[in-house]
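Feature annotations, courtesy of TrEMBL:
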- A:12-35: transmembrane segment (TRANSMEM)
- A:105-129: transmembrane segment (TRANSMEM)
- A:193-215: transmembrane segment (TRANSMEM)
- A:235-256: transmembrane segment (TRANSMEM)
- A:263-280: transmembrane segment (TRANSMEM)
- A:292-316: transmembrane segment (TRANSMEM)
- A:365-387: transmembrane segment (TRANSMEM)
- A:407-426: transmembrane segment (TRANSMEM)
- A:478-499: transmembrane segment (TRANSMEM)
- A:511-532: transmembrane segment (TRANSMEM)
- A:552-577: transmembrane segment (TRANSMEM)
- A:637-703: domain 'CBS' (DOMAIN)
- A:734-792: domain 'CBS' (DOMAIN)
Number of protein chains: 2
Amino acid sequence: SPKPIYRSSFTHFSVCVCVCVCVCVCVCLGSNYAMSNGGGGAGASISTHLLDLLEEPIPGVGTYDDFHTIDWVREKCKDRERHRKINSKKKESAWEFTKSLYDAWSGWLVVTLTGLASGALAGVIDIVADWLNDLKEGVCLSAMWFNHEQCCWDSNETTFAERDKCPQWKTWAELILGQAEGPGSYIMNYFMFTFWALSFAFLAVSLVKVFAPYACGSGIPEIKTILSGFIIRGYLGKWTLMIKTITLVLAVASGLSLGKEGPLVHVACCCGNIFSYLFPKYSKNEAKKREVLSAASAAGVSVAFGAPIGGVLFSLEEVSYYFPLKTLWRSFFAALVAAFVLRSINPFGNSRLVLFYVEYHTPWYLFELFPFILLGVFGGLWGAFFIRANIAWCRRRKSTRFGKYPVLEVITVAAITAIVAFPNPYTRQNTSELIKELFTDCGPLESSQLCQYRSQMNGSQAYPAGSDAAAAPGVYSAMWQLSLALVFKIIMTIFTFGLKVPSGLFIPSMAIGAIAGRIVGIAVEQLAYYHHDWFLFREWCEVGADCITPGLYAMVGAAACLGGVTRMTVSLVVIVFELTGGLEYIVPLMAAVMTSKWVGDAFGREGIYEAHIRLNGYPFLDAKEEFTHTTLAREVMRPRRNDPPLAVLTQDDMTLAELQNIISQTSCNGFPVIVSKESQRLVGFALRRDITIAIENARRKQEGIMLNSWVYFTQHAPTLPADSPRPLKLRSILDMSPFTVTDHTPMEIVVDIFRKLGLRQCLVTHNGRLLGIITKKDILRHMAQMANQDPESIMFN
Amino acid sequence: SPKPIYRSSFTHFSVCVCVCVCVCVCVCLGSNYAMSNGGGGAGASISTHLLDLLEEPIPGVGTYDDFHTIDWVREKCKDRERHRKINSKKKESAWEFTKSLYDAWSGWLVVTLTGLASGALAGVIDIVADWLNDLKEGVCLSAMWFNHEQCCWDSNETTFAERDKCPQWKTWAELILGQAEGPGSYIMNYFMFTFWALSFAFLAVSLVKVFAPYACGSGIPEIKTILSGFIIRGYLGKWTLMIKTITLVLAVASGLSLGKEGPLVHVACCCGNIFSYLFPKYSKNEAKKREVLSAASAAGVSVAFGAPIGGVLFSLEEVSYYFPLKTLWRSFFAALVAAFVLRSINPFGNSRLVLFYVEYHTPWYLFELFPFILLGVFGGLWGAFFIRANIAWCRRRKSTRFGKYPVLEVITVAAITAIVAFPNPYTRQNTSELIKELFTDCGPLESSQLCQYRSQMNGSQAYPAGSDAAAAPGVYSAMWQLSLALVFKIIMTIFTFGLKVPSGLFIPSMAIGAIAGRIVGIAVEQLAYYHHDWFLFREWCEVGADCITPGLYAMVGAAACLGGVTRMTVSLVVIVFELTGGLEYIVPLMAAVMTSKWVGDAFGREGIYEAHIRLNGYPFLDAKEEFTHTTLAREVMRPRRNDPPLAVLTQDDMTLAELQNIISQTSCNGFPVIVSKESQRLVGFALRRDITIAIENARRKQEGIMLNSWVYFTQHAPTLPADSPRPLKLRSILDMSPFTVTDHTPMEIVVDIFRKLGLRQCLVTHNGRLLGIITKKDILRHMAQMANQDPESIMFN
């Protein structure tokens, strides 16, 4: 009986509330701490020690502008430098030793906090979304804060078969009109359903629009970009977290064709980012912070699907860019912590992490691989179609006037969804519950329409457990309704993903796959029942025994469709494997996911997230995509053949005025420093931002800096005329180990170097002489050009 | 009843034999193909296209010497070039299209074949080792080829409790002396046990010594080195495979304190290497071949532990060096195929992949974390102690005369093991079976001594299922025997790992941990029984209910000890998780493994495999170890301050005699090519092996090449005096995109570049002028020096 579980759920509810309070306190602490450190998103002022240990660091040097790319190599050096400093100091005093211990443990602390917060938030979101969703249908009179299921658990008056009907639960028609049946009450329920859906949708989109525009969408494309080394200030901030959590609940409850799984990853990453402000090791280093974010995304998937191992693999395969083994271990820990917090909150009342956990009891047979592969083909086709259609629609929204009315758009889509969804029971119910119903096998206790089989004994409509049977009319009408639901979900999902509300894609994709899978499964089952003398079925299916599991087909279909859309592989199989727990169902899953990926890739190699990254013009250098062209570095570098020469600085014969002139006349992010114009031999590289900050700093602090002051990057000042003003030494901001490649280097190697080392730019030389520069943007534009796409779509540096 | 399973096992035995025959045929085919291609281990002569597309390739250029390091960047370029060639040709004819399809599918084919072969071999090894192991005790009269268990399954005369005693099975004493009991027969059994153990050990070490010296040890250190980009010819060849498979069975059966899990990874990698010869894509490219080997090692662990996901993570975390996502997916596939082949062979007759699959039914409680963490501490201490002791012993063996008599050593160790092991039932039995017994929880059907508890009802010695109870004398005597077995295993394992027979470390480590864990578990259980009013136990343990699961302690202990020795983290937890299948036991495992890693790391950061790699002086640049020193590239590069200048070539003013002179006077593996001695500006890099091959090739094919011929690396020949002989153009072997760093580059960045890009060497410049060179060996020596180790221990290039 489910009651004890339900009670333990609410015993644990207090735990949940406590955790949430703690989380909120920590979040506030964290962000206040960040504020007091002047923090927004980027690292602060430790370093440049790396560059020159003798000079005093200039505040601000080594930080990044918004919408710019970080330099992984430099960030890692900064971190090692910091680590060395702490290590050398730790024997000085007990305080320093404590600080070094805090530093050493901060990695574990931050992932633990992130896991706790993600688990708690996921639990709260699950519970509140469930309640709001049921609010569309009615209200629990005995206790307003109970959802439909909880309301009826307390009732002793109903039988098990009618467990969702109880006197405490009143539909709106019963409450307002006082009658439960009849066309009037149907219309009243219809109206209230639509009304609540529209209210939730309106509230969600308004909150997003007013408070945190970054809270919309699934967030995974942006997180991928951020993890690849890009700065988007505020994308993972506390406002985004708060608004995304609230609007996610509203969006899910509004009945739009979207899921909460993708946004949960965003929520978890926000937690990770906010907690990292408690630890200077992470708050002041963009590369280290991304390790926390990788762990956070694993925790997000872990709570979204109840799959800790799958979450880690998702983070590794799909989201993360740079994933050292230390991070793997910590991500695993974060994922586990999050999963256990969620489990102790027990939002579904079944001691499981997800609503759609299933156990199958019959094996699968080899001939079933054929329908499984067919489902894979369907998944691949759906994925390819969805990506094209959704991107075309989003591009249209971006380029036309239409995108200027996001609230109107959301309300329109929500209204259409609610109006069309209500009459069909499979679209009216929560999508997660639909998936659960489709995954679950028919048993003797199952009262669903999908399980109305004719008993073989007496022709009655009870389903006999443990054997195939002929479908009763209930199944046929369910098939019709499911087909209509399939078409509806396909159309609505295309228009929903990309709306200005939090919207995940996993659940709608899985629902589409599960519907298709269940339909195929029932078809095969009936085929096996009516044609059990075919040699295929004769071999494997004994008459009267259970042979085909339609629930398994639904699960395989869900995996195939999700694979087609996201092009995930291992992580997807492991996530779904963790839902069933049976190793033997991996083979069908793998066959379907593999097929769906191949079919999808035949129409275009990008998954939906990469497509959205490209749509937004983020500078994302995909580690999965192979660069296969034969171009050389000299063909990609700037300056091109007819361009003006490269803006360079010389190491010791420029005045401040000349330097400022060069800076103001060009828009490059950095300048190579050479020995002299004649020799063109490379000395180092100086970033525009660092030069500007250093000049301002010198103007403020050093006296005698004038426009005709000499600027030098060498160790010692050049010999100057007697009357010249005090020179300005800029060696401390000079990167004396810039990456260089020769002009003959094939671009495939250059791309590899950029990917693996996380470079921002690379200088090109020929026989030791500086020729040009290649930036990440140049590479992305070149790749876009090679793929016959518009190179101008790459917008950021 | 186990009978049907047993029968299905032997129904499937035919399947197994078929698979094996196929495997052998393929292996022969594969190796013949390899021979006819002149293959040994290294890639062949496709490339250099990369270097200069206009020149004809010189055969042999681009291959590697034995015991040398490969250049990952160049190998990957070669592969892309090959891919482009096939792609451009594929529209020419149907044949070319078929070839391109074959090429595209070869990755999946090779991992499928590898999975099939690994699974089949693992099954055969399991079955034969079991049989040989039982041969030490006796023989099945009804059918010689049955082991003890199988022999008695056919018997109808015994009760379930006495299921291992049946008339068909005769101990040697029964056979020879005709009596089963008494001191005479005990001595006879003792003698035969020792005799067989010595025979197996002698056979194993002789076969290894005569036929395949590479077949000894676990193989994992060497495989790690090979995967990091090192060539050891024949290490993964067909002789090694054959001899390792045979001697592994013998070594396991001889009763030595070793396991088959590590060697199974080696066997799987041999399969992968041999099958890769069927596919030119893999046989001719060292980098691509290593992708197959990564997948093969995943398959090896998958069959060793029945953990496909754990296998993939093991390959990712522990073995592989370069692990792109494509490889992840294929490794997963290979691991699954291998697991399913092994399962259909069903070697243990329990439909499981491993002997020690367990299911626990009781949860764990929070206070149990304390003993779990204690077990973690024990595991860490054991790991640190084992690594030091074993390495010291191996070093002694290497450096003294003692190492020259491997056969004698093996026989001595085997004799001591057999003589000491026989009297104690826990050391006499197969180590895997011991682990299984320790992992398994006591139930009503368990007849083991470990499960003799006093029933609470009537004081009899039956164990009441589902509740804690007082231990009966059987448990106490078992505890004594287990303690002795623990000491014995600890001592013998130190001397066994490193013998010249195939020897894995997983099973002995797990056995030690399982013994310690079970002892702790029983102690806690009895504590809880006798002191159930302590507040800890009062809170959680109801009187009469089952509270403590000693089997879980054994499992946690096994994981902790394995973690202490290998320093694995995620993969270890996932492997053990896959043995139990319950997500909730991950937390104890994780706590123990984490503690054991931290405790172990406090005594030295190296795992046993890294320690053996260092002992053997292999050039392995560990991706996990952080380089934390502040040295700069100029301090590490050669030439050092007082060294003679760097041997360089000039691009167009050397004669052949001068070039040969430089080559013969130096031992470097390559030479930088510069514009001229005066400018020192870098043009490119030429490998010694390539130069030698190119000169020989030119002598053979081109006329008029004399000692005073000019050698040039430029595009066009330099203007020469009228009477000079025909010049030799060497541009095709010149690498025009050598990697360079500046002399100011911190070594941490240089080490990062070497690791991530897989470089062999890197040139050092200052302001565009060539200063020196850093090779992988230089880096490893520098790191050894920094860690106060002997830099001369790095032996290979």
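Just so it is clear, glycine is given a Cβ too, placed from its N, Cα and C backbone atoms.
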Other than its close neighbours in sequence, what residues sit by the transmembrane segment (A:365-387), given a CB gap under 8 Å and a spacing of at least six beyond its ends?
490, 493-494, 509, 512-513, 516-517, 520-521, 524, 536-537, 539-541, 547-548, 553, 556-557, 559-567, 587-588, 591-604, 606-608, 611
Do the transmembrane segment (A:193-215) and the transmembrane segment (A:105-129) come close, with at least three CB pairs under 8 A (pairs 6 or more apart in sequence)?
no
Determine whether the transmembrane segment (A:235-256) and the transmembrane segment (A:552-577) share at least three Cβ pairs under 8 Å, counting only pairs 6 or more apart in sequence.
no
Per Cβ pairs under 8 Å, the stretch of A:105-129, A:292-316, A:407-426, A:511-532 packing most closely against the transmembrane segment (A:552-577)
A:511-532
Three-state composition of the domain 'CBS' (A:637-703), taking helix and strand from DSSP
24 helix, 17 strand, 26 coil
Looking at the domain 'CBS' (A:637-703) alone, can you tell me the average pLDDT?
88
Cβ-Cβ under 8 Å with the transmembrane segment (A:292-316): same-chain residues at least 6 beyond its ends:
107, 110-111, 114-115, 118-119, 122-123, 223, 226-227, 236, 260-261, 264-269, 271-273, 275-276, 282, 323, 327-328, 330-339, 342, 352-354, 357, 506, 568, 570-572, 574-579
For the domain 'CBS' (A:734-792), jot down how many residues DSSP puts in helix, in strand and in coil.
24 helix, 18 strand, 17 coil
